[in-house]
Amino acid sequence: MAQREKKVEEPTELRAPEMTLCANSCGFPGNPATNNLCQNCFLAASASSSSSSAAASPSTTSLPVFPVVEKPRQAVQSSAAAAVALVVERPTAGPVESSSKASRSSSVNRCHSCRRRVGLTGFRCRCGELYCGAHRYSDRHDCSFDYKSAARDAIARENPVVRAAKIVRF
């Protein structure tokens, strides 16, 4: 008990440094080591000062100029025109009914082997079909996926054959 009274507790309070915003008023926190500029503004200012022969003082730095990258619009327009052409070519009477039946049957998840409804607990096999918990393993259903060749290809892809140059002996 006497030992506890002699021990003086020191405060273990951690203080975070005050956050200062960027000097260019971009909204990001500034760093005192970079004259209160954020990383983006500092990189832009250093790039502009290195490209120009006259170095600007930190108080007279201007806002950084970011290049504007324009996306190619021709690809978007051509794909939109192709989609319109595809829509125009479809007949509207017959396939609409069959597509509604197909979407209705695909929304019901059933086991491929026993046709039991599996819902969200279904397991998708590597052969591409959906199975229940009883048929989820490849030996429980007639799986058409070749696991041996897939593993062989994966091993060959991950471990390429390295051949050294032939040593010429004199």
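Don't overthink the numbers, they just go from 1 along the chain as shown.
Cβ coordinates are placed from backbone N, Cα and C, and glycine is handled just like the others.
Taken from Swiss-Prot as is:
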- 16-50: zinc finger (ZN_FING)
- Cys22, Cys26, Cys38, Cys41: Zn(2+) 1 binding site (BINDING)
- 105-151: zinc finger (ZN_FING)
- Cys111, Cys114, Cys132, His135: Zn(2+) 2 binding site (BINDING)
- Cys125, Cys127, His141, Cys143: Zn(2+) 3 binding site (BINDING)
Practice item. List the other residues in this chain whose Cβ sits within 8 Å of the Cβ centroid of the Zn(2+) 2 site residues Cys111, Cys114, Cys132, His135, in sequence order. Key: Arg110, His112, Ser113, Arg115, Arg116, Val118, Tyr131, Gly133, Ala134, Arg136, His141
Check your understanding: With DSSP helix as H/G/I and strand as E/B, how many residues of the zinc finger (16-50) fall in helix, strand and coil?
Key -> 15 helix, 4 strand, 16 coil
Review point. Taking the centroid of the Cβ atoms of Cys125, Cys127, His141, Cys143 as the Zn(2+) 3 site, which other residues of that chain lie with their Cβ within 8 Å of it, listed in sequence order?
Key: His112, Arg126, Glu129, Tyr131, Ser138, Asp142, Ser144, Phe145
Exercise for review: State the Cα to Cα distance, in Å, between Cys114 (Zn(2+) 2 binding site) and Cys125 (Zn(2+) 3 binding site), rounded to an integer.
Suggested key: 15
Practice item. Determine the mean pLDDT over the zinc finger (16-50), rounding to the nearest whole number. Key: 83
Review point. What is the total of other Cβ atoms whose distance to the Cβ of Cys41 (Zn(2+) 1 binding site) is within 10 Å?
Key: 22
Practice item. By CA-CA distance, flag whichever of Cys111, Cys127, Cys132, His135, Cys143 among the binding-site residues is nearest to Cys26 (Zn(2+) 1 binding site). Key: Cys127
Study note, to complete from the structure: Comparing local Cβ density (other Cβ atoms within 10 Å) for the binding-site residues His135, His141 points to His135
